[in-house]
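Colleague: Provided herewith is a single structure, encoded as C-alpha cells, for subsequent inquiry.
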C-alpha cells in the first residue's frame, strides 16, 4: 500500500501588512516533482500561478488557511506565534488526511514544532528547516504564496500602494506613517511598527 504524504508551508510571516497564509498539499511526490514544484521564493509570480493551477488539478487534496493580522497580534503579544501556526496546521491536517506530513518549521528547533504538531493531531509529522526540498512542501509553499499574493493585491486596491509590506521597505514605512491605516491590515505587534510611532 502506498503511503500518502502531505506537505505544509506558509507565506507572509515577516511582513507588517496583510495576512499570514498556511497551505497543505497531499499528492504524489514523483508527479509533483515532474511538474517542477520548488520553493516558491525561487519562482517568478507567473511561474507560481501556472504551477498553482497544475497543483490544483493533480493533487489529492489542497487547502489553505488565512490568519488575519489581529489574530497574529494577539499571539505575538503572548510570544505564541509558533503555537498559532501549529493550530492552523492541525486544522489543515484534519481537512487533508495523509499517512505522513512534512512541515516547513517556523520554530528554530524544527523537531520541537513537529513533536508538538504530532502530539496535537496524533499524526506522523516530520518538521524540517528548508522543507521545500520535499515536493509536497514545495507545492504547499506555492499555494500559500499565490493565495497571499492575491489577497495582498486586493488589499492594495482597497488601501493604496504600501510597497512590499516589509518593515525594511521605505515605501511601507512611509505608508504606515501616512496615517490612512486601517487597523485590520497592519500587524501592530511588530516591533518595527511600534518604533515608527515613537
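Every residue, even glycine, has its Cβ placed from backbone N, Cα and C.
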Colleague: Quick check: of 99, 104, 107, which does Swiss-Prot put in the same divalent metal cation site as 9, 10?
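Modeller: Looking through 99, 104, 107, the residue Swiss-Prot assigns to the divalent metal cation site is 104.
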Colleague: Would you mind pulling the DSSP three-state label for residue 104 (divalent metal cation binding site)?
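Modeller: In the DSSP reduction, residue 104 (divalent metal cation binding site) maps to strand.
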Colleague: Return the single residue from the binding-site residues list (10, 104) that has the minimum number of other CB atoms within 10 Å.
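Modeller: Comparing Cβ neighbour counts within 10 Å for the binding-site residues 10, 104 gives 10.
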Colleague: Within 10 Å of the Cβ of residue 9 (divalent metal cation binding site), how many other Cβ atoms can be counted across all chains shown?
Modeller: 30
Colleague: Around the recorded divalent metal cation site, report the further residues of that chain (criterion: Cβ within 8 Å of the mean position of the Cβ atoms of 9, 10, 104; site residues excluded), sequence-ordered.
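Modeller: Along the chain, the qualifying residues are 8, 11, 22, 23, 103, 106, 131, 132, 137, 140, 141, 144.
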